[in-house]
Amino acid sequence: MCLVDEKMLQFTFLLIFFGDFSLLLVWFWRGLVMGWPMGGSTLMPLFMGPIKAPPPLVRGACGYDNTVHAGFGVNTAAVSGALFRQGEACGACYLVMCNYWLDPKWCLHRATVTITATNFCPPNNNGGWCDPPRQHFDMSMPAFLRMARQGNEGIVPVLYKRISCKRRGGVHFTLKGQSNFNMVMISNVGGSGDVRAAWIRGSRTGTWVAMHRNWGANWQSSVDLRSQNLSFKLTLVDGKTLEFYNVVPSTWSFGQTFASENQFT
């Protein structure tokens, strides 16, 4: 509490001293005290045009076949490299606020939206919004219009922070690959949402086999686990670990998705 009071005193002094820069100082102080880093947001071109029920985002750098089926809905975003972390951020949740104190014309006052990172916004190395080290969200139209006014489907300044993901049901495991090449897409992950490590175990193997990130939310192993019940173990970026026993029955086939009963909180 004392820390906040001290910052308020500093802010009051600066406001009186600098006068015309008061709006900028309000924006800076709020970001400092609330612990919300600064960033930017654009609207995904996919949703330009009249507002209607949008199609679900598919594929992308995280590899989600369908963001609705994956448990993320339509409030999603492609994030810049500073946030994407070479795919580790896939499934992470952010609370994003349009920075009204910088752009009162287009930002909705105190409006926030919770989004899930489901894609990568690539740099163009020519001063683009997703060029490093910028922290940027290229958002779906439903998410964008939760915090900004329609009519400026372009660039707005934002404040954001990481939050825990709230998911319905358990973690989903989609089986891909062939023969002894197993690739598993992991989705609908609660908690921090971003998976740091994954293991798989067959009912006849008896030991956990470490998987490696192939790309995005897709993890691979090179063990033939056909005709076996499959279990998984996941560790998230925040260090929490859960084991998911016998999620997949021995009659499984590639292309199927199985939902566990367990979930991160």
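Just so you know, the numbers here start at 1 and follow the chain as drawn.
Cβ from N, Cα, C; glycine included.
Positions annotated as domain 'Expansin-like EG45' by TrEMBL: 59-170. Broken down with DSSP, the domain 'Expansin-like EG45' (59-170) shows 11 helix, 36 strand, 65 coil.
Summed and averaged per residue, pLDDT over the domain 'Expansin-like CBD' (180-260) gives 96. Marked as domain 'Expansin-like CBD' by TrEMBL: 180-260.
For 12-29, the entry in TrEMBL reads transmembrane segment.
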DSSP-wise, what's the residue breakdown of the domain 'Expansin-like CBD' (180-260) into helix, strand and coil?
0 helix, 44 strand, 37 coil
